[in-house]
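Undergrad: According to TrEMBL, the protein carries these features:
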ACT_SITE  Cys272  active site, nucleophile
BINDING   8-13, Asp33, Arg38, 86-90, 127-128, Glu161, 272-275, Arg342  NAD(+) binding site
DOMAIN    328-452  domain 'UDP-glucose/GDP-mannose dehydrogenase C-terminal'
Amino acid sequence: MVKICCIGAGYVGGPTMAVIALKCPSIEVVVVDISVARINAWNSDQLPIYEPGLDDVVKQCRGKNLFFSTDVEKHVQEADIIFVSVNTPTKTRGLGAGKAADLTYWESAARMIADVSKSDKIVVEKSTVPVKTAEAIEKILTHNSKGIKYQILSNPEFLAEGTAIQDLFNPDRVLIGGRENPEGQKAVKALKDVYAHWVPEDRILTTNLWSAELSKLAANAFLAQRISSVNAMSALCEATGANVTQVSYAVGKDSRIGPKFLNASVGFGGSCFQKDILNLVYICECNGLPEVAEYWKQVIKINDYQKSRFVNRVVASMFNTVSNKKIAILGFAFKKDTGDTRETPAIDVCKGLLGDKARLSIYDPQVTEDQIQRDLTMNKFDWDHPVHLQPMSPTSVKQVSVVWDAYQATKDAHGLCILTEWDEFGSLDFQRIYDNMQKPAFVFDGRNVVDAEKLREIGFIVYSIGKPLDAWLKDMPAVA
């Protein structure tokens, strides 16, 4: 029986291993993590992450051929194939600070594998890592090998949160990179055989190690670039009276471009886009390619510009001050159908409004008060370290209350900002919301989810990203 062990029970390791266990009943899959709380959650009815369909998959396999354990060394020692999906945060100090990936957790995982292994292993990079990480890991393992042979493979994940289980059941492609020698190719085949249980052969792509590592960074950079492109257009649409929804629809009808990832919004978030582009920028700089680095940097600059533009619009519209005004924030996760708040644009928008002394009332159907308070007090990049190593938030932000219903959030508010495109926000009773708000009542739609005309008929002053401006907003220009 093939035994698989995955180090790291997070957003990548948990769902990926659960699906492998479901699709490969003859393989034993163990997910290990040093966090006792996280493993306990995976073994309970309340899983540590929210992902549609994940519950069912875990319940079908847990205790049969899927196990969650804190006994890291035992399961690493027994495994034939070890997936490593640990945090790879952006460095906050030292060489490459603010751009380079911090491989501390990766390196300690590799050293632990070398310490405890007593038989040959295939080690698979699952975390997003900079190009050439495999080479570094290979050196650590071979210099500590005690005669044991290791093969390193790169198998980047391309999951989208909110649809991760569907993406795993029916992936666009599975990418496996390995050494181009007989041992490397044998390892590639072993991993390919696992995926072949349910993925058609023509969707399993094999490349060399560097191509697999770079393909992941490139894919995320291209996706983020599309969002920044349409967001750049949204600013121009507002300035000229064009409608960004109509523009992106027309552009997306071109089959060479296609319609996906062309929704203007308050900005992109998530654990990968910014981190991967910063990584790409750093690799370009290290390889003497400043022009290429500058090109990709611009994608992040536009994203930051979009968030600050949104905050400026809110403040400017409300008589240039939000001091002591209650503002409702609907949605805090970086997108719908996930409780993930990593790099969510809501953090920067909320911090911008708090900087102008606003009082915020926040509602998100999947994000806890504890998480929101942590996000608003944490330093940049701290989120990407394991929870027990994150600084404890010394104080909660007093001007922030977290509530469990949109109507409570908007009661007596001067304005409301929609920052996540949860389906329920499109079907709220806006007449009831309007009746309970201070007047003039403002709606700032950062996701273009509401029918602006209907809201204007009720009496709201509405700002929708990239849409022709309300007469009121034209009289109150936002200076970026």
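Easy rule for this one: first residue shown is 1, then count along the chain.
Just so you know, glycine gets a Cβ as well, placed from its N, Cα and C.
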Undergrad: For the domain 'UDP-glucose/GDP-mannose dehydrogenase C-terminal' (328-452), give the DSSP counts of helix residues, strand residues and coil residues.
TA: 43 helix, 19 strand, 63 coil
Undergrad: For each of Asn87, Thr90, Gln274, count the other CB atoms within 10 A of its CB; which of these binding-site residues has the top count?
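TA: Of Asn87, Thr90, Gln274, the one with the most crowded Cβ is Gln274.
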Undergrad: Between Asn87 (NAD(+) binding site) and the residue listed as 'active site, nucleophile', what is the CA-CA distance rounded to a whole number of Å?
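TA: Taking the Cα atoms only, Asn87 (NAD(+) binding site) lies 11 Å from the residue listed as 'active site, nucleophile'.
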Undergrad: Across the domain 'UDP-glucose/GDP-mannose dehydrogenase C-terminal' (328-452), what does the pLDDT come to on average, as a whole number?
TA: 91
Undergrad: Around Glu161 (NAD(+) binding site), how many other CB atoms lie within 10 A of its CB?
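TA: 24, counting other Cβ atoms within 10 Å of Glu161 (NAD(+) binding site).
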Undergrad: Determine, using Cα-Cα distances only, which of these binding-site residues is closest to Cys272 (active site, nucleophile): Gly8, Tyr11, Asp33.
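TA: Comparing Cα positions, the closest of these binding-site residues turns out to be Tyr11.
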